[in-house]
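Single-structure report; data block below.
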2 protein chains.
Amino acid sequence: MAFGVQAAAASTPSSEQLRKTASSLFKPIPEAQVVIKDRNLSVDQIELGKWLFFEPRLSKSHIISCNTCHSVGTGGADNIPTSIGHGWQAGPRNSPTVLNAVFNIAQFWDGRAADLKEQAKGPVQASVEMNATPKHVEETLRSIPEYVEFFAKAFPGEKDPVTFDNMAKAIEAFESTLVTPNSRFDQWLAGKETLSNHELNGLNLFINKGCVACHSGINVGGQGYFPFGVIKRPGAEVLPAGDKGRFAVTNTASDEYVFRAGPLRNIALTAPYFHSGEVWDLEQAVAIMGSSQLGHELNTEEVKAITAFLHTLTGEQPRVEYPILPRSTPATPRPAQ
Amino acid sequence: MAFGVQAAAASTPSSEQLRKTASSLFKPIPEAQVVIKDRNLSVDQIELGKWLFFEPRLSKSHIISCNTCHSVGTGGADNIPTSIGHGWQAGPRNSPTVLNAVFNIAQFWDGRAADLKEQAKGPVQASVEMNATPKHVEETLRSIPEYVEFFAKAFPGEKDPVTFDNMAKAIEAFESTLVTPNSRFDQWLAGKETLSNHELNGLNLFINKGCVACHSGINVGGQGYFPFGVIKRPGAEVLPAGDKGRFAVTNTASDEYVFRAGPLRNIALTAPYFHSGEVWDLEQAVAIMGSSQLGHELNTEEVKAITAFLHTLTGEQPRVEYPILPRSTPATPRPAQ
């Protein structure tokens with residue numbers, strides 16, 4: 001894929017032409033039921049995963065759950081610059097949304113987890129997040145009869161089903177159902193909805209200015225790794241020098257300041273932006289991307305149009321019934337602050 | 001009401017006699033629909049209140065909501081000794097359950113709030129909890145069009161509906177629906193369920209030993225104020241000397257170490273116990289109450305029977321769909337840690 005910069009905006013093609021082009025670049029988000037069928041997800045694992053996703057006792061303090069930083073009520077993220085974890089420590093990066101995360105090429109801003117199962121193990125153990133250990137998790141879950149029973153049901157035939165690994169597997173199953181179908185964009189792709197000329201102009205610019213080089217596919221991003229600052233590295237307030245991104249994963253010089261391209265589904269819901277979470281305004285984020293990644297100072301009209309297009313990527317948010325968690329027993333490890 | 005101690009346990013009466021006595025002392029928890037009708041609650045205020053109950057932007061940090069310390073998934077409380085709030089500060093007292101709180105005589109352990117509306121304003125402003133101000137709350141809500149519209153709908157005819165006061169009113173409406181009907185005890189009261197002899201023996205002891213003097217009515221407690229240590233003050237590990245309870249509200253010497261009797265509905269779900277949250281084991285809590293309030297060292301059998309009865313007070317937990325909260329705008333105050 002090239003990062004070619006087109007100096008002049010292409011003239012807006014017809015809606016039909018644009019739909020054809022867009023259909024070759026993007027893919028609609030399916031309904032949860034389709035994901036469940038396609039991936040052959042276990043209904044029991046999904047429901048167990050929902051318990052675990054909301055389970056604060058997976059954290060050392062008993063007050064932090066997956067949903068704390070990836071809230072299903074606020075776009076699957078926490079919408080603060082960087083997450084606050086155990087002991088009120090600020091994490092190093094902005095919390096990525098859990099919504100549609102199942103479609104990303106890999107997890108975390110640097111792609112250091114191959115999938116959601118591997119990802120789920122990270123925050124539970126991170127000292128600045130939930131600050132627990134696999135031992136704490138397993139002792140906790142084994143101390144609660146309803147969990148023992150549920151793990152046995154969700155992982156039938158396993159001799160020792162209550163494990164840290166199965167915890168992660170169940171959370172992955174639940175998170176895979178957190179998808180947001182039927183955005184206005186997807187409905188337009190399917191010919192069921194119209195977009196305004198302003199929005200279509202934005203889509204056209206998004207494609208022709210080159211945004212699509214990194215932000216394509218089902219999640220309009222999240223599919224590959226690119227340097228933040230392809231053309232011009234932004235200032236330290238947006239790109240802190242201390243966080244070299246994927247370099248920490250691959251230890252390869254060319255991966256300095258390389259990050260997974262942000263998935264742009266529901267992007268209007270999840271300010272602030274970038275891995276640093278330092279930019280609150282979506283229009284400003286678009287303008288920064290124009291200059292840093294495309295070497296192009298987008299004018300105000302272009303920024304507004306692209307932003308209008310990005311707003312059409314907001315899909316139907318998942319409706320989740322809060323799980324009623326089973327009570328602790330005397331054997332359950334106590335919280336520690 | 002007397003604190004009379006009956007030295008000898010009364011012989012267990014028949015289930016029918018006991019049901020008659022119990023019916024005069026306790027009252028079943030109604031279904032939410034009945035509460036809504038009886039209290040003439042507005043459906044719009046309830047739904048708006050649900051948004052607000054889960055709204056982390058009411059806090060200065062944007063990460064603490066009412067549900068953080070009063071989670072509907074864990075018995076309406078946070079189940080740690082004392083709540084952790086802004087800056088990871090530990091609050092002075094154990095978080096009381098929000099479930100059935102509408103039936104309490106007053107709110108907080110010292111009853112300093114007359115009702116749930118008044119209560120809701122406390123944690124939002126407390127520096128060790130959400131650490132916000134009415135101004136922060138009103139600026140936040142007014143910056144989000146969906147809230148402006150919803151307040152107008154929920155408080156029709158008001159010229160300026162988006163107020164801190166109406167926020168509290170809506171939260172009160174939602175919280176009033178968080179009730180737990182159909183506990184095994186309530187079904188037994190209604191003649192629809194049997195209790196075991198062990199449980200009935202516990203109920204009989206609960207009545208005849210004098211527990212019922214403070215723990216009666218619809219919430220099996222929560223109806224009046226009593227000194228912690230009627231007969232014998234417990235040690236500082238359970239009753240810290242620095243927290244004089246209702247004395248801080250009334251400034252009256254006789255209110256030193258006086259607290260609202262804990263409501264015992266769903267008590268099996270909400271360890272640790274007492275305002276200090278220092279006792280994890282329900283049997284131990286029962287034993288402490290026996291010696292401190294009744295001057296009676298309950299034997300192991302008695303403690304176990306009373307505890308078995310307390311387990312029958314766990315009702316159907318409310319099923320709450322997680323609200324999808326509207327996104328912030330550029331005018332929304334930013335989080336501060």
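Count begins at 1; order follows the chain as displayed.
Cβ coordinates are placed from backbone N, Cα and C, and glycine is handled just like the others.
Residues or ranges marked as heme c 1 binding site in TrEMBL: B:CYS66, B:CYS69, B:HIS70, B:HIS86. The feature heme c 2 binding site is assigned by TrEMBL to B:CYS211, B:CYS214, B:HIS215, B:MET289. The domain 'Cytochrome c' annotation in TrEMBL covers B:44-152, B:197-314.
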Average the per-residue pLDDT over the domain 'Cytochrome c' (B:197-314) and send me the rounded value. 93
What three-state secondary structure does DSSP assign to B:CYS69 (heme c 1 binding site)? helix
Composition by DSSP (helix, strand, coil) of residues within the domain 'Cytochrome c' (B:44-152): 50 helix, 6 strand, 53 coil
Densest Cβ environment (other Cβ within 10 Å) across the binding-site residues B:HIS70, B:HIS86 belongs to B:HIS70
Cβ within 8 Å of the heme c 2 site centroid (B:CYS211, B:CYS214, B:HIS215, B:MET289 excluded): which residues? B:PHE206, B:GLY210, B:VAL212, B:ALA213, B:GLY221, B:ALA261, B:LEU264, B:GLN293, B:LEU294
Restricting to the chain of B:MET289 (heme c 2 binding site) and a gap of 6 or more, list residues whose Cβ falls under 8 Å of its Cβ, or answer none. B:CYS211
Provide, as an integer number of angstrom, the distance between the C-alpha atoms of B:CYS69 (heme c 1 binding site) and B:HIS215 (heme c 2 binding site). 24
For B:CYS66 (heme c 1 binding site), nearby residues of its own chain (Cβ under 8 Å, 6 or more apart in sequence): B:LEU52, B:PHE53, B:PHE54, B:GLU55, B:LEU58, B:VAL98, B:ALA120, B:PRO123, B:ILE171
Cα-Cα, whole number of Å: B:HIS215 (heme c 2 binding site) versus B:HIS70 (heme c 1 binding site)? 22
Residue pair B:CYS214 (heme c 2 binding site), B:HIS70 (heme c 1 binding site) - Cα distance, angstrom, rounded: 24
Report, as a single number, how many Cβ atoms besides its own are within 10 Å of the Cβ of B:HIS215 (heme c 2 binding site). 26
Is it possible to list how many residues within the domain 'Cytochrome c' (B:197-314) are helical, extended or coil according to DSSP? 49 helix, 10 strand, 59 coil
